[in-house]
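Remarks on the structure that follows.
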Ligand code: GEK
């Protein structure tokens, strides 16, 4: 599958439109997310490993906001529990179409992978089945803030005993100096990955109305309010973190 370089914000755009997960983004997405999210390949692969611990036989594993299905592929590499099924969900038609192609390519290369259903849907509208693993890898931050508590409560109600929610997010920091330092270091990460000052500035204005990060404390409190019993951070690189939330 093509690995096109992300040049979406390389030319001056005048008025920068709000970021949308359209065909242009889907085409360059693997390159974009690797060069923008510190630790992304490590997080994705290890969600598969963590899922291997939490997955229960005869249950559903959800990949919510699956984009091109990187997490789904990791789940299929690592989960050995019997008769599990992955349901990968995204509301971007462009992402879903390409995700199906990537998963067909994985099916062509490996045998006996977990079955997958790729669904084009809004994760807020989904009828959640009993599940042992829910992965939301950098998706909740795109859901309207006021809709996050109810979504988490619904996921919590669907989770089976012994299962887990794995939630990865960009973090905001309550302390202004910490926020400034980690923002600067994240910009250095993007520069080191070849993004120009123009690309960084235009991407930032495209995404600022669309993606709303919370602090670790907000995540923790909201997850506990939603009925989770324990929140365990397992990964952080700069201002990007991943948490395990236990039912
Ligand atoms: C990965 N998890 O590669 N319903 C369904 N999908 C949604 C919704 C919604 N309400 N809101 C946003 N999305 C992936 C990366 S990207 C993160 C996830 C990023 C989808 C959206 O269409 C996009 O594909 C994804 O969530 C977020 O591990 O680009 O920073």
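Backbone N, Cα and C define each Cβ position, glycine as well.
Listed features, source TrEMBL:
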type	residues	note
BINDING	40, 65, 66, 67, 90, 91, 122, 123, 137, 204	S-adenosyl-L-methionine binding site
DOMAIN	63-163	domain 'Methyltransferase'
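Mapped onto this structure are the features recorded in TrEMBL.
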residue: 40; record: S-adenosyl-L-methionine binding site; DSSP (3 states): helix
residue: 66; record: S-adenosyl-L-methionine binding site; DSSP (3 states): coil
residue: 90; record: S-adenosyl-L-methionine binding site; DSSP (3 states): strand
residue: 122; record: S-adenosyl-L-methionine binding site; DSSP (3 states): coil
residue: 137; record: S-adenosyl-L-methionine binding site; DSSP (3 states): strand
### Query
For the binding-site residues 90, 122, which Cβ has the most other Cβ atoms within 10 Å, all shown protein chains included?
90
### Message
Counting across all protein chains present, how many other Cβ atoms fall within 10 Å of the Cβ of residue 66 (S-adenosyl-L-methionine binding site)?
### Response
30
### Query
Of 40, 137, which of the binding-site residues has the most Cβ neighbours inside 10 Å?
137
### Query
Of 40, 90, 122, listed as binding-site residues, which ones have a Cβ less than 6 Å away from ligand 1?
90, 122
### Task
Over all pairs in 40, 65, 66, 67, 90, 91, 122, 123, 137, 204, the listed S-adenosyl-L-methionine binding residues, work out the largest Cα-Cα distance in Å.
25
